[in-house]
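Notes follow once the structure below has been shown.
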Protein chains: 2
Amino acid sequence: MKHYYKLDEWNIIEQGFNADNNEISESIFSLGNGYMGQRANFEEDYSGTSLQGNYIAGVYYPDKTRVGWWKNGYPEYFAKVLNSTNWIGINIKINDISLDLAKCSVKQFERVLNMKQGYLQRSFVAVLSNGNEIEVNSKRFISMKRGEIGTIKYSIKPLNFKGKLEITPYLDGDVMNSDSNYDEKFWDEISSEVKPYEGYMMLKTKKLDFHICTYMTYEITKNGEIIKPIAEFKQSEKYISNNVLVHCNENDEVVIYKYVANTSSRYYEKDELIGITKKLCSKAKMDGFETLLKEQADAWEEKWKESDIVIDGDIPAQQGIRFNIFQLNQTYTGEDYRLNIGPKGFTGEKYGGSTYWDTEAYCIPFYLSTSQEKVSKNLLLYRYKQLDKAIENAEKLGFTNGAALYPMVTMNGEECHNEWEITFEEIHRNGAIAYANYNYVNYTGDKSCLGEFSFEVLTAISRFWAQRATFSKSKNKYVILGVTGPNEYENNVNNNWYTNKIACWTLKYTIEVLNYLSQNEPERLSELKKKLNFKDSEIITWNNIIENMYYPCDEELGIFLQQDGYMDKEQILVSELDKKHLPINQNWSWDRILRSCFIKQADVLQGIYLFEGEYDTDTIKRNFDFYEPRTVHESSLSPCIHTILATKIGNYDKAYEMYLRTSRLDLDNYNNDTKDGCHSTSMAGTWMAVVHGFGGLRVCDNKLILNPFIPKHWRSCSFKITFRGALLNIKFNDSILQIQNENDISVNLSIYNSDHTLNGNALLEIPIQ
Amino acid sequence: MKHYYKLDEWNIIEQGFNADNNEISESIFSLGNGYMGQRANFEEDYSGTSLQGNYIAGVYYPDKTRVGWWKNGYPEYFAKVLNSTNWIGINIKINDISLDLAKCSVKQFERVLNMKQGYLQRSFVAVLSNGNEIEVNSKRFISMKRGEIGTIKYSIKPLNFKGKLEITPYLDGDVMNSDSNYDEKFWDEISSEVKPYEGYMMLKTKKLDFHICTYMTYEITKNGEIIKPIAEFKQSEKYISNNVLVHCNENDEVVIYKYVANTSSRYYEKDELIGITKKLCSKAKMDGFETLLKEQADAWEEKWKESDIVIDGDIPAQQGIRFNIFQLNQTYTGEDYRLNIGPKGFTGEKYGGSTYWDTEAYCIPFYLSTSQEKVSKNLLLYRYKQLDKAIENAEKLGFTNGAALYPMVTMNGEECHNEWEITFEEIHRNGAIAYANYNYVNYTGDKSCLGEFSFEVLTAISRFWAQRATFSKSKNKYVILGVTGPNEYENNVNNNWYTNKIACWTLKYTIEVLNYLSQNEPERLSELKKKLNFKDSEIITWNNIIENMYYPCDEELGIFLQQDGYMDKEQILVSELDKKHLPINQNWSWDRILRSCFIKQADVLQGIYLFEGEYDTDTIKRNFDFYEPRTVHESSLSPCIHTILATKIGNYDKAYEMYLRTSRLDLDNYNNDTKDGCHSTSMAGTWMAVVHGFGGLRVCDNKLILNPFIPKHWRSCSFKITFRGALLNIKFNDSILQIQNENDISVNLSIYNSDHTLNGNALLEIPIQ
């Protein structure tokens with residue numbers, strides 16, 4: 001795999017202007033602060049290929065569903081991540097010619113994402129059609145400290161002429177979603193005002209009544225001195241701009257500092273929006289670009305202190321993991337339980353919705369280790385607040401008595417997705433949501449959530465499983481029919497091992513929580529039982545299902561079977577396929593994929609990863625060695641799980657191969673789809689690959705176990721984990737070191753390679769802070 | 001089930017104007033002549049709910065596919081049956097008020113479809129908002145003798161006033177398909193001209209360049225005398241009209257006779273269209289309405305002579321079967337091998353495409369028995385001519401070496417449909433196409449088709465089966481994975497018994513045909529082998545598959561299993577379901593339907609019907625008694641097969657229940673979807689239910705067997721069958737009468753009920769003509 005971006009430990013660097021790669025770079029160089037975000041579109045007009053994207057967290061649109069053939073149960077609407085006001089715009093004209101990189105000759109183009117300090121920088125020299133040559137330097141960021149603020153410093157220097165320079169900062173609300181189902185525009189203007197040097201625009205979504213307000217102001221300097229040229233202004237529907245004319249000589253440097261505030265009715269009263277936005281924007285301008293930039297660097301320093309992973313001796317691996325951590329921190333900060341982590345974060349609009357099972361299965365472990373526990377707790381609360389909708393959703397599918405099926409894709413708790421094989425059948429997601437509660441308790445030792453909300457969520461999910469499992473007379477066992485497992489290259493299968501496993505696990509854990517509450521919070525429990533109309537007979541049913549669940553397996557091979565009939569398929573290995581067939585999702589028709597033995601992503605192995613404690617290494621190895629050669633990893637969520645299990649069974653080459661694939665998925669555009677946006681949620685999987693894989697961290701029954709084993713060519717790998725109340729077991733060369741922590745604690749772990757041992761090749765240093 | 005239409009042996013009669021039922025009646029009262037057809041829209045303007053529909057056979061539009069989530073292999077386009085120029089339009093104004101049944105009071109409304117003579121009649125009295133009362137009588141038909149001609153007699157009588165009557169005959173080409181995927185219009189105007197008393201319009205489809213030309217002329221009489229009022233004319237894009245003003249007194253009768261010719265570039269050169277159309281239209285006008293009507297009655301008399309079924313003693317049953325036969329004869333006449341039988345015929349646009357497996361599985365038996373053999377042969381040729389496309393289609397799905405997968409839905413041989421579970425997986429259709437060739441030879445004794453085209457079709461289909469079946473090491477058998485059987489309430493199942501059965505049958509029959517050709521047409525065979533690059537090793541492979549195919553069954557129950565794992569489902573009978581759940585396709589989400597045991601339509605039973613000769617009555621009974629109570633018959637193709645098998649095992653109550661359901665499906669709007677159009681292809685199934693069911697006709701190894709057993713309350717049931725070279729075995733009260741026919745022969749069969757015996761309750765009279 002060739003590296004398009006320059007290898008660097010702290011920066012992503014693109015050198016030379018490559019229009020064909022522009023949409024990919026727009027994704028890679030995205031900025032965000034958890035509250036809003038944007039793709040790396042250019043400030044000035046660009047007529048080449050580009051996917052415009054500015055997003056405000058939680059502001060979405062219920063786009064009417066599009067299908068070829070309607071099936072009962074499909075949702076009427078699909079919540080789309082909403083492209084909103086383009087606030088970065090600064091058009092430039094030089095001697096009446098527009099600056100447009102698609103229409104001039106571009107030299108010395110460089111784009112840098114400074115991950116350490118959290119800004120995007122771009123510089124180039126453009127030669128216009130009239131021969132005028134200018135140098136441009138722009139720097140922008142979205143403030144981690146002031147959620148609503150974005151700032152741009154844009155400098156222009158004529159290199160070989162003197163003349164007119166026109167600068168047009170603007171706000172443009174006349175934007176579309178490129179994935180709109182019916183080419184509709186989603187915004188109406190409420191009001192706008194523009195005058196010299198400032199202006200605002202307030203828009204409202206055509207449905208759901210979300211208001212957003214954007215305020216802009218700016219300042220212009222010439223050779224470092226503030227100047228105040230006359231500003232003409234323009235206003236049309238969903239558009240405001242200023243236009244200033246500056247006369248300059250060769251080598252004069254003209255700089256525009258643009259300050260923008262974006263607010264939404266999710267956080268402020270509608271009638272206060274304009275006033276507040278103006279105030280925030282003015283304050284930003286008053287404090288000035290350099291102050292804001294300093295704040296930004298400080299804020300990122302804090303983030304990195306908590307979440308950085310330092311890999312010494314492997315720059316691609318180092319750059320990959322930092323890029324992943326950087327994007328995760330840009331996407332979600334955990335302060336608002338109504339927000340979640342979209343599969344593309346703020347880097348694109350594809351897939352819509354903001355919440356998939358990725359959150360529980362991949363992101364929560366990351367935030368549990370690298371953030372205060374309230375961050376993960378907010379993610380749990382998000383689902384708890386949507387429990388009613390999940391119950392409604394299950395009712396639509398024929399379930400009763402408070403059974404809940406959480407949606408596959410959602411924004412507000414309602415199902416968005418509309419492929420029956422996914423929407424209705426990929427029910428294992430329910431299990432991941434249950435598991436996240438367990439994971440949280442395990443990591444934090446905080447059991448207050450059990451009575452507070454977990455028991456309600458768990459009961460509703462368990463009721464779903466109890467109704468969804470049916471008794472097969474012919475097998476004399478409970479079965480779960482017609483599902484899609486994590487491997488989406490199978491649909492409508494019977495007895496997906498992973499689904500059956502996580503269903504029974506949920507039932508067991510719910511009973512465990514019930515027993516805990518019964519012993520520790522009996523009053524709360526009886527309150528809850530009443531609220532939920534909970535009958536003790538339900539426990540009998542659940543135990544019956546737990547004891548009599550059917551799990552497909554192949555005795556001869558000693559493996560769990562992905563589903564009934566898997567061994568009837570033609571057994572071919574990925575390595576036996578001619579390369580021209582890969583990726584199969586771009587080369588094979590859907591039916592051919594379905595009836596092949598090829599696996600999109602960890603499925604049985606996903607279960608083994610979650611319940612690793614139940615299986616001995618030989619069992620894990622047999623399953624890994626069977627399934628890994630049949631897995632095409634065409635989901636971004638796959639290689640990280642394989643990394644982790646590969647380290648567990650000592651298959652280090654495979655682990656490293658899979659690690660590069662997960663950590664540099666977007667940087668190296670492995671799946672040829674980065675232009676749609678980055679794979680934000682799978683980035684948490686990359687973190688897991690390092691910490692759970694090479695670091696060997698396991699969390700099991702409120703114990704942390706570390707069993708590190710880093711790649712041979714890494715000199716060291718260091719990271720910090722935060723946990724509470726857990727017992728830390730560090731296993732190294734067969735010795736076990738135990739540390740008991742009573743309170744919140746952070747541990748910096750550094751794993752050093754000692755070249756000479758084959759097993760336990762890591763030295764561990766643990767300075768407890 | 002309440003009968004909305006009046007019971008009558010030869011007519012469908014609607015009494016009273018019921019706007020809510022209008023779209024259903026528009027379907028029921030549709031007209032057609034195999035060359036064109038139309039829904040029973042009103043001639044005059046109607047602002048109420050209506051689905052406009054005029055269709056020209058074979059003129060279609062490749063509408064861009066719409067899906068929510070694209071899957072590899074989906075076709076880019078879906079051939080839509082194309083709504084074309086509205087040629088029936090005659091607007092009426094009375095003293096400046098438009099006649100619009102949605103906006104006036106309607107009395108004595110009656111609509112009659114005269115099936116014996118093939119015309120549609122409508123009469124009513126309308127009281128307009130100004131109190132003016134008029135009587136209207138209209139009669140129209142589409143000529144069975146002159147394919148391009150349609151004629152209308154429209155009479156208006158003022159009942160309580162004298163005044164102005166404005167009559168506006170028009171052609172309107174500005175029409176849409178209501179099922180257009182992107183609300184596009186599909187027609188462009190090429191040219192039009194209008195003058196007093198005549199005009200034409202030529203349109204062209206925006207893609208594929210189909211031209212259609214419509215010519216209209218008309219004549220007006222007042223109290224029987226031709227009058228020539230001044231005709232004003234109007235022309236705008238895709239619209240021409242005349243407007244005549246007639247002054248009349250109370251009780252004057254004013255009649256407009258409108259004559260229209262519709263031609264298409266499928267049958268004439270484009271530059272000749274206008275001239276030819278004008279000529280055809282003028283000739284029709286010259287011959288006059290009454291002459292054309294007489295021709296129509298004569299043509300229908302001929303049709304009825306060949307295809308009528310007379311049921312004495314059961315008017316609902318009689319009306320039902322005649323309605324079905326009438327619609328079948330309106331839909332397809334078998335003169336053009338490029339045409340086929342759309343699922344809605346000319347009665348609606350839903351589903352698009354013109355060809356489904358319905359043609360081979362249901363329609364061919366009807367046309368074999370009731371028409372000259374060229375009609376069925378043209379249907380076989382249709383597929384033969386599309387073999388290249390079927391091979392291309394299979395190639396797209398990864399098949400090689402001339403394997404063919406015929407499309408699920410097509411117009412020109414290319415796949416139209418885009419649900420993966422149907423398009424890619426419902427591959428049993430391939431078997432029906434093979435079987436139709438066998439059926440044809442069986443009925444007609446004409447083996448010339450084998451070398452002419454059947455062997456090529458059969459080989460291509462067999463090659464598909466041989467590649468599609470894979471060897472399961474775990475079963476030590478060949479399996480066919482990931483299919484959808486005839487029962488579309490299961491998707492992506494393994495080893496659908498019917499599919500495995502018909503796949504092996506195809507292989508066997510292809511080898512049989514090969515052997516026949518080798519003995520009888522060795523030169524042609526070697527020519528064909530060369531053309532097809534046929535290797536004898538293929539036969540070895542095929543035999544290997546035939547001998548080692550896996551067929552799921554339940555030994556204990558003694559039944560064939562619909563697919564692997566069927567017995568794992570919760571076994572509930574339809575009778576145990578609360579009525580509120582039915583039809584499940586309107587009340588249950590798709591996943592719930594899929595994982596239930598409920599069966600949409602005959603599946604195992606479809607196979608038993610086709611291969612009945614292989615099974616003893618006990619086996620048939622066991623399977624019928626198992627599957628029938630689990631079948632919801634939510635496909636129009638289901639009850640007919642159940643009728644036939646029910647008669648076979650002597651379950652006459654069930655047979656009669658199923659017969660009414662199939663024969664009055666549209667008349668009684670069983671499935672609540674007749675407004676989309678009639679279920680044209682299932683009408684052939686109704687015919688099968690009588691002839692193969694109550695008549696007991698079986699065709700097996702070139703023998704015809706009759707084993708009649710009609711419902712007790714029928715006095716008799718008579719029909720005619722046409723066949724050649726077959727041995728006719730008539731079984732009655734255990735005696736067998738054999739008649740050998742060497743040539744084409746028609747037999748009129750009358751089955752009389754003798755009330756007193758329980759078995760063999762029919763007397764048979766066979767006058768050989």
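The backbone N, Cα and C atoms fix where each Cβ goes, glycine too.
As given in TrEMBL:
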- B:Glu488: active site, proton donor (ACT_SITE)
- B:Trp357, B:Asp358, B:Lys600, B:Gln601: substrate binding site (BINDING)
- B:14-266: domain 'Glycoside hydrolase family 65 N-terminal' (DOMAIN)
- B:322-688: domain 'Glycoside hydrolase family 65 central catalytic' (DOMAIN)
- B:697-758: domain 'Glycoside hydrolase family 65 C-terminal' (DOMAIN)
Annotated substrate contacts B:Trp357, B:Asp358, B:Lys600, B:Gln601, maximal Cα-Cα distance (Å, integer): 16
Let me make sure I understand the structure: which of the recorded positions listed (B:Asp358, B:Glu488) has the fewest other Cβ atoms within 10 A of its Cβ? B:Glu488
Tell me, by DSSP, whether B:Gln601 (substrate binding site) is helix, strand or coil? coil
Please report the distance from the Cα of B:Trp357 (substrate binding site) to the Cα of the residue listed as 'active site, proton donor', rounded to the nearest angstrom. 13
Determine, for the substrate site, the additional residues of the same chain whose CB lies within 8 Å of the mean position of the CB atoms of B:Trp357, B:Asp358, B:Lys600, B:Gln601; present them in sequence order. B:Tyr356, B:Ala361, B:Pro486, B:Glu488, B:Ser635, B:Ser636, B:Leu637, B:Ser638
Near B:Lys600 (substrate binding site), which residues of its own chain have a C-beta under 8 A away, given they sit six or more steps off in sequence? B:Asn487, B:Glu488, B:Tyr489, B:Asn585, B:Thr631, B:Val632, B:His633, B:Glu634, B:Ser635, B:Ser638
So if I measure Cβ to Cβ from B:Gln601 (substrate binding site) and keep only same-chain residues at least 6 apart in sequence, which ones fall under 8 Å? B:Pro486, B:Asn487, B:Glu488, B:Thr631, B:His633, B:Glu634, B:Ser635, B:Leu637, B:Ser638, B:Ile641
Need the DSSP three-state call for B:Asp358 (substrate binding site) to compare against my parser. helix
Counting every protein chain present, what is the number of Cβ atoms, excluding its own, within 10 Å of the Cβ of B:Trp357 (substrate binding site)? 23
